[in-house]
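J.: These came from TrEMBL, pasted as-is:
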type: TRANSMEM; residues: B:9-27; note: transmembrane segment
type: DOMAIN; residues: B:95-296; note: domain 'ABC transmembrane type-1'
type: TRANSMEM; residues: B:101-123; note: transmembrane segment
type: TRANSMEM; residues: B:135-154; note: transmembrane segment
type: TRANSMEM; residues: B:174-192; note: transmembrane segment
type: TRANSMEM; residues: B:228-253; note: transmembrane segment
type: TRANSMEM; residues: B:273-296; note: transmembrane segment
Amino acid sequence: MADDNKKNLDHLFVLTEDNQQSNEKINRPVTTFLQDAFRSLRRNVAAMISLVVLIIIIVMAAFGGQMNEYDSTTQNLSWAKMPPKVQGLENIGWLGLDGTDSETIEASTVEAAKERGLARFKNDEEHITFDVKSEGDGTEDSAKVVATHDVYASKDMEDTYFWFGTDGLGRDLWTRTWEGTRISLFIAFLAAAIDLVIGVAYGGISGYYGGRADNVMQRIIEIITGIPNLVVLILMIIIMGSGIVSISLALAITGWTGMARIVRGEVLKLKNQEFVLASRTLGAPNGRIISRHLIPNVASLIIINTMFTIPSAIFFEAFLSFIGLGLQPPTASLGTLIDDGFKSLTTYPHMLIFPAILISVIMIAFNLLGDGLRDAFDPKMRK
Amino acid sequence: MARYILQRLGYMIITLFIIATVSFFLMKLMPGSPLGAAQEKLSESQLEIVLDKYGLNDPIPVQYYTYMKNLVQGDLGVSFQFDNREVTGILLDRFGPSLQLGLQALILGSVIGILFGLIAAVYHNGVIDFTSTIIAVLGTSIPSFVFAGLLQYYIGVKLEWLPVATWDGFEYSILPTIALAIFPLATSARFMRTEMVEVLGSDFITTARAKGVGKFGVVFKHGLRNALIPLITIMGPMAVSLLTGTLVIEKIFGVPGIGDQFVNSITQNDYPIIMGTTLFFAFFFILVILIIDILYGIVDPRIRLTGGDK
Amino acid sequence: MKKILDVKNLNVSFNTYGGEVKAVRGVNFDLHKGETLAIVGESGSGKSVTTKALMGLLPKPHGYVKEGEILFEDKDIAKLSEKELQKIRGKDLSMIFQDPMTSLNPTMKVGTQIMEGLIKHQKMSKTQAKERALELLKLVKIPNAEERIKQYPHQFSGGMRQRVVVAIALACNPKVLIADEPTTALDVTIQAQILDLMKDIQKKTDSSIIFITHDLGVVANVADRVAVMYAGKIVEIGTVDEIFYNPKHPYTWGLLGSMPTLDSDDSELYAIPGTPPDLLNPPKGDAFAPRNQFAMDIDFEEQPPMFKVSDTHYAATWLLDERAPKIDPPESVQKRIDSMASNDGKGDM
């Protein structure tokens, strides 16, 4: 067989002509940095799901409030604190969307438990059903009864549906939740935008001009970051009062230093690179160098940082509401809704659940999307 | 090293001075009377007497001087709402529960977080890694008050395993501690994982393996220390989160700490307490950052001997 | 001479997102007691991967020995468990790494890093280990050993750190010392010191050395035999004299031609055109063919076998086939070889 091979291959033992050129060809299509980044972002499942979720939430924040016939401010005390009820989902018990309140009561006997169950729901015997879990033997808390109160029936409102229930003043929580989301997102976007403008300008100037100006500007930042954000935030709100704009401003004032530091660092690094020097030797004015060479190269860092500013602003807005510095009623934000919800957490948990889930989902989605963007644009930053 | 600490102390004093000055003038700018709601109960002449008594009729520079002088002596003024009690005294009374809660949360959070991150890094891309990534994302994203609400409702109200509120012994501190620990837990797990993955991929780990060091030795003797050192850098943000956390967590669980006091004084417009607490927070925070920086210099031999630069 | 290590048909692959990268493709060589074998090649030629496989240090689970045997004292290293490997590493086989700036643990005292292996393998007490560590530091010519032993790596210069790395590798008197480009990251003057140190130590301890490098100049200094690797294969192997004065493979010609020498002013430096092939999809024929100015059509069809030149000298190129046209090394390379031969003659005798 070896002999066969030898014969067949004999003709191949000649020098190949013009061999050296063959290796110069490039066999992969060229992809730009942006294309590359977006491709790897698209492959990041968590980030893409987050993006879709965020888009849905933003659309709902814009239009969700108009999806039923209620508005967010009309009060009707007779409708107060009604549990959520959704068409079609009312028969699936564990979802808790059947328009009933229920409570597990323990007492020494079933009778005593039922007694307390009646008292709990205003003795509205007609619409209370009891489910005896444990008969009890007369000792303390041995009997266990679940009392379920059909709130909608008791108010003769069987055909009414409050999807997220109502709050203590009888306002529709579905509408208020989405309007609250809208306001929370608005505050966050506004704060992030102000943040971005101040931070990029400050960091850009500091990094670009360098020297003395940079030195002074950096000392200022050092002192500002030495002051806890929380303290500044609270003082600002106390002084300016709590409105949408003042909260955004307060958030931006405490938040811009991070952006400024990142931009400065990057500009400092970029401005000594060859392409910038080349542009400068060609006589490009500062403005042109900043806008054409520096900003585009810092852009990805700015976007990533903004992605993390937004959830933190949403958190702080809610936090301010929670400690009593939030928006004034009747304006709702996720924070004020959660704050309200806490007041009746033990008896009417539905008031807390929906805004709490929503704020958590928004925060998670923004963080995941931010992580995805960071990995796609700058794998080195992955810390 | 000594020079470095002195320099940092200098910065700290400047920062505190600025905060104190700014807060003093902000207090003067504050809408309404410094006496807040209490003013309504007083007649014109009574008001005059009260204002005189607290030096509130003096020219602003004089007030500023007195304020700063008292501050240096640790006197934060008196509360107008709280039977004229001294703010410093109120804060000291309230400091205990806050400190206990903060320390418990910090220890619980960082120990579990570090363990999680460590295991996740060693079994890179395994089930534990996946779980700890999810915990890290949830823990850093879900606001502490939402988490606190969940704990309170399910563990406290529904299951009745632990007391829901107030402060009456260790078991009362469990739920608030867990709620407060989530953020440090998630951040340290996340940070530890990335750091450890990086350390385990570095050349000196290969050297150690080439020496015949076993897996345990590689992870604990060579990896852990090198990964723990940078962890100190996130202690600052963690301390801040605990501070923010105490405000809401103490309110939710009715813990009689500084945070709870602070939130109450905001609702009551008790400016001296707001200012006092703010300064106290600022002082505490700056001190923690300073300690962290010094600690960093101590545990990292590279910094210890080359002096201050990071 | 006793054969201490025998590598037979070693194939190492890496699983990557792009597919299986065949980093080492059928490598054969052996190592005798007291001998220094240099493995030469460009970056990516598989030389470092080969040594990682020898140490059982391939990054699991992505990197693995796909085929072949690594026989060390009749044990196949490729089939040992991690536990068994740990007993051999540092004791029988040890390794010196390329970059002394990163290969020492920055938070552990230098002494402790040297003592670690001693305590593990030779069951020494701490005091014994410390004594031995001092001895080692003196052996690698670090002054003030008593003080240095308590210091951290950042207090050492690059050259000094590499001495520490050598000391760590030598701690348990290994039978085989693998040096992966031990001088690449160092200044030229320090390079010479480290090389002298290694030669010196080899004389004293009679260990075998596998010396990985891309620098032929270093090879001439230290090695007894040379293996030239290209694209995961050994393309030529022989004694130093055979490789330097009678190279057969066009790639070796290229390497020799691109090596600067003291009297290189009269001849141009030769550069091998192109880049090494993509090992994700290795070419069908000879991997070097596209860069080979003497490539024949057969090179693009069939991989060349190892042709025997002498008992110790083998080369994998179709040029050695009886049917191939007779090709001599390019003139500039031949001149280089001649001048080295005459220089050597003057120097040695």
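Even glycines carry a Cβ here, placed using N, Cα and C.
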J.: Quick test of the contact rule: Cβ under 8 Å, at least six residues beyond the ends. What residues does that give for the transmembrane segment (B:273-296)?
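T.: Cβ under 8 Å, 6 or more out: 5, 8-9, 12, 15-16, 19-20, 23-24, 27, 71, 76-77, 79, 81-82, 87-88, 90-91, 229, 232-233, 235-236, 239-240, 243, 258, 261-262, 265-266, 303, 310.
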J.: Decide whether the stretches the transmembrane segment (B:174-192) and the transmembrane segment (B:101-123) have at least 3 CB pairs under 8 angstroms, with pairs required to be 6 or more apart in sequence.
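T.: Yes, the transmembrane segment (B:174-192) and the transmembrane segment (B:101-123) are in contact.
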J.: Could you name the stretch, out of B:9-27, B:101-123, B:228-253, with the greatest number of CB pairs under 8 A to the transmembrane segment (B:135-154)?
T.: B:228-253
J.: Short question: which residues 6 or more past the ends of the transmembrane segment (B:228-253) have a Cβ under 8 Å from it?
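T.: Distant contacts of the transmembrane segment (B:228-253): 97-98, 101-102, 105-106, 109-110, 114, 144-145, 148-149, 152, 164-166, 172, 175-176, 179-180, 183-184, 187-188, 191-192, 195, 259-260, 262-263, 281, 284-285, 288-289, 292, 295-296, 299-300.
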